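Peer 1: One structure, as structure tokens, below. Some questions next.
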Amino acid sequence: SIIFQIVVPTRTAWFIQELPSLIIPLYYIITECLIYPFLIRNGKRTPIFTFILAFLFCTLNGYMQGAWHTRYAVYENDIYKQFSLYLGLLLFFTGMLINLHSDSILCNLQKDDESYKIPKNGVFEYVSGANFFGECIEWIGYAICLRTVPSFAFALFTCCIIGPRAIHHHRWYLEKFENYPRHRKALIPFLL
């Protein structure tokens, strides 16, 4: 077959094959850290205690994930044959798309004026916290893909923090809007 006869310079091949490992996380971090803060409405303020805890969590979690996966994790040679890798990647990217799409919907709701509106479309048709649902799916996929203690701890912590926030937002929507869809759940479609 001709595909096995085509060659690429080794440096070029190495650079291009490794590039997604840099670009995908970098894109996500740039979006979450440098772009999204400027898209959200500047209405409510964040309590200093919440801010400090979130900062400490991001610092410790970033170190823990990076150190574990670059220094301590042992990956088997046949990792590409493992079902968990592909399931985890599928969940991670599905969750990421849900999260980004839902954040986009929320940001577009805020563009017109300062009044609150009911989010519609996408996963918002099923849950009040579509962005939270996407983030939970994302990090559960990450944990399944990597199968390490820090990745499972991160997924668990994320779900434990985000779950109550989704329930709080759901209750707020129900109280604020008389016409809020009653079939919507808080976080998990059709269940919670």
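Glycine is treated like the rest: Cβ placed from N, Cα and C.
According to TrEMBL:
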- 19-39: transmembrane segment (TRANSMEM)
- 45-192: domain '3-oxo-5-alpha-steroid 4-dehydrogenase C-terminal' (DOMAIN)
- 46-63: transmembrane segment (TRANSMEM)
- 83-101: transmembrane segment (TRANSMEM)
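Mind mapping these onto the model and telling me what they sit next to?
Peer 2: Using a Cβ-Cβ cut-off under 8 Å and counting only residues 6 or more beyond its ends in the same chain, the transmembrane segment (46-63) has close neighbours at 150, 154, 157.
Listed by sequence, the residues of this chain that lie at least six past the ends of the transmembrane segment (83-101) yet keep a Cβ under 8 A from its Cβ atoms are 28, 31, 122-123, 130-131, 133-147.
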Peer 1: Sort the residues of the domain '3-oxo-5-alpha-steroid 4-dehydrogenase C-terminal' (45-192) into helix, strand and coil with DSSP and give the three counts.
Peer 2: 104 helix, 2 strand, 42 coil
Peer 1: Who are the chain neighbours of the transmembrane segment (19-39) in space, where the CB to CB distance is under 8 Å and they lie at least 6 residues beyond its ends?
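Peer 2: For the transmembrane segment (19-39), the list is 96, 100, 103, 107.
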